[in-house]
Amino acid sequence: MTRGAWMCRQYDDGLKIWLAAPRENEKPFIDSERAQKWRLSLASLLFFTVLLSDHLWFCAEAKLTRARDKEHQQQQRQQQQQQQQQRQRQQQQQQRRQQEPSWPALLASMGESSPAAQAHRLLSASSSPTLPPSPGDGGGGGGKGNRGKDDRGKALFLGNSAKPVWRLETCYPQGASSGQCFTVENADAVCARNWSRGAAGGDGQEVRSKHPTPLWNLSDFYLSFCNSYTLWELFSGLSSPNTLNCSLDVVLKEGGEMTTCRQCVEAYQDYDHHAQEKYEEFESVLHKYLQSEEYSVKSCPEDCKIVYKAWLCSQYFEVTQFNCRKTIPCKQYCLEVQTRCPFILPDNDEVIYGGLSSFICTGLYETFLTNDEPECCDVRREEKSNNPSKGTVEKSGSCHRTSLTVSSATRLCNSRLKLCVLVLILLHTVLTASAAQNTAGLSFGGINTLEENSTNEE
């Protein structure tokens, strides 16, 4: 009865019914809010699912492209190895033919003279010296060119030495003196030769009459690893390795001791060996930490290795190179390495950072370059030549690169996936916070209505 009276009084007082609405009317409003939240969450999940699938497909395509590139590179390496094996076989066959004891007699019976006799005849008939002139001149004399044309492929044994010196197929650097190129392996076999004194000796004819064996040229002997440096350049520029006196006057001294020459050549070989060790360490670091070979649009690991080798050899042998088509200051190779080699980040190999390079040149701008600075052959110019002529080293072809998108995708797939997961977590947090705020607002609204009802009742 009390309830009926209250309801009547509520109706008589003219109060609106929605102030004391039943709970059944609140349920559709709450259901619509929940449905809207579910729609937002499902839409966001669908969007990020599509985004993740797109990135996964992108990464899979990049991996397939990279696998194809690796197969192509392996095929190229196999072809290069086969070519090297064929060249080694040809060299071994040439060595076997020249090691036969009866080949001079056979040549004499066929009406041809031995290579030593031909070289001696050319030297006696030529009026130009066999030693290359000063670095400012272009090359050797005419007799040198004739000797390179006649004896190319024959003089593997130096004089009467029983130990052969390995002969290079092509001469490095470009524009070599005579076309005859040898690597320095045995210091005794090299120092036992009769070296040409060139224009320094005024009694050239007397020397030729006293020594029937041919005079060898220092510019025809190269180091094994730093194969762009000749003995002529080393004896001319680096005259004191390991506190030794290795000047040209000492080496070319007639009747001098062979001990000094051998010690100098062995010192140069030690420097060359240390440079090769440092290069192998750098190559192992590249192989270990460099994920993708296509790290740049303008450069590749082969370009980096070429300029790094040139810079490394220029640090061990600070001499000027003579037989080059174009020379640059040797210190400039440091900048080439800095710009062509990649940024190596051992701490995190998945994320690409911008900033300083892993190879930084120091001390280049402190001292100005003068004319006394040594100059080296420009390998940047030589590596661009696609058709190497005789007397040059055969360079590898251009780097096989894929597109920038594919090359960058192989390194950014994992980081993008992590970024998408992080965005999903943040979205879930935002939705949860908004839902909590809405529920709090509804509860506060209910409390306000109850308070209003209580005041109305009073």
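Every residue, even glycine, has its Cβ placed from backbone N, Cα and C.
Positions annotated as compositional bias 'Low complexity' by Swiss-Prot: 75-96. Per DSSP, the compositional bias 'Low complexity' (75-96) is made up of 22 helix, 0 strand, 0 coil.
Annotated compositional bias 'Gly residues' per Swiss-Prot: 136-145, in sequence order.
In the three-state DSSP classification, CYS261 (disulfide bond) falls within a helix. Here Swiss-Prot flags CYS191-CYS261 (among others) as disulfide bond, drawing on similarity to another entry.
According to its DSSP assignment, CYS226 (disulfide bond) is coil. Per Swiss-Prot, the feature disulfide bond maps to CYS226-CYS313 (among others); the stated evidence is experimental evidence.
In three-state terms derived from DSSP, CYS246 (disulfide bond) belongs to neither a helical nor a strand segment and is classed as coil. The feature disulfide bond is assigned by Swiss-Prot to CYS246-CYS261 (among others), with experimental evidence given as support.
Under the heading disulfide bond, Swiss-Prot lists CYS304-CYS341 (among others).
Look at Swiss-Prot and you will find CYS324-CYS377 (among others) tagged as disulfide bond, backed by experimental evidence.
Around CYS376 (disulfide bond), the same-chain residues six or more apart in sequence whose CB sits under 8 Å from its CB are SER228, ALA310, SER314, THR320, GLN321, CYS324, THR327, ILE328, PRO329, CYS330, TYR333, listed in sequence order. What Swiss-Prot lists as disulfide bond is CYS330-CYS376 (among others).
Per Swiss-Prot, the feature disulfide bond maps to CYS334-CYS361 (among others); the stated evidence is experimental evidence. A coil conformation is recorded for CYS361 (disulfide bond) in the three-state DSSP classification, outside any helix or strand.
Summarising the annotation, Swiss-Prot assigns N-linked glycosylation site to ASN217. Around the Cβ of ASN217 (N-linked glycosylation site), the number of neighbouring Cβ atoms within 10 Å comes to 26.
Positions annotated as region 'Disordered' by Swiss-Prot: 70-155.
The transmembrane segment annotation in Swiss-Prot covers 40-60 (among others) and is backed by sequence analysis.
Look at Swiss-Prot and you will find 417-437 (among others) tagged as transmembrane segment.
The shortest Cα-Cα distance from CYS313 (disulfide bond) to any of the disulfide-bonded residues (CYS246, CYS261, CYS334, CYS341, CYS361) is found for CYS334. Listed in sequence order, CYS334, LEU335, VAL337, GLN338 are the same-chain residues six or more apart from CYS361 (disulfide bond) with CB atoms under 8 A from its CB. Over all protein chains present, the Cβ of CYS226 (disulfide bond) has 22 other Cβ atoms lying within 10 Å. Taking Cβ-Cβ distances under 8 Å and a sequence gap of 6 or more within the same chain, the neighbours of CYS304 (disulfide bond) are LEU286, VAL337, ARG340, CYS341, PRO342. A distance of 15 Å separates the Cα atom of CYS261 (disulfide bond) from that of ASN217 (N-linked glycosylation site). Rounded to a whole number, the distance between the Cα atoms of ASN217 (N-linked glycosylation site) and CYS191 (disulfide bond) is 12 Å. Cα spacing between CYS246 (disulfide bond) and CYS377 (disulfide bond): 23 Å, rounded to the nearest whole number. ASN217 (N-linked glycosylation site) is 19 Å away from CYS226 (disulfide bond) when you measure Cα to Cα.
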